[in-house]
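Asks: My structure is below; once you've seen it, I'll send some questions.
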Amino acid sequence: MIIGIGSDLCDIRRIEKSLERFGDRFTHKVFTETERTRSERKPDRASSYAKRFAAKEACSKALGTGLKRGVHLAGMGVVNLPSGQPTMALTGGALERLKAMVPEGMEPVIHLSLTDDHPYAQAFVIIEALPKR
């Protein structure tokens, strides 16, 4: 059963400006270590960061809170499954909100789709509750 849907469109140029202006201060405040490591290896790091930023915004919308009630950008991170498929790893207030959304006897699955076409990056998140196995 689908329990949350969120999408976001991010202007890559805005992320480029934040990277130029604030550098590590920006990346360390907003992105997880895993996200920073992956993005810094990319030839177009601004695009990589923008997709991850859009994913965080989309996830916060799927959680039904936006960036409020203890849900912060740094508490949501893009990770990859062994297959390479992206998903979200949540901590802190974001994880607590996710747990509160999931009906008893179910477990959450977060589906994430990322794309970019300069100057935009887009993310779409679906949170699904499935019976525990």
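Keep in mind that glycine also has a Cβ here, set from the backbone N, Cα and C atoms.
The shown structure was predicted, so the numbers you read here are calculated from the model rather than taken from an experiment.
For reference, Swiss-Prot lists these features for the protein:
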- Asp8, Glu57: Mg(2+) binding site (BINDING)
Asks: Helix, strand or coil: which one is Glu57 (Mg(2+) binding site) in, per DSSP?
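Replies: The three-state answer is helix.
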Asks: If one looks at the chain holding Asp8 (Mg(2+) binding site), which residues at least 6 apart in sequence have a CB under 8 angstroms from its CB?
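Replies: Asp8 (Mg(2+) binding site) has long-range Cβ partners Ala54, Ala55, Glu57, Ala58, Lys61, Gln122, Ala123.
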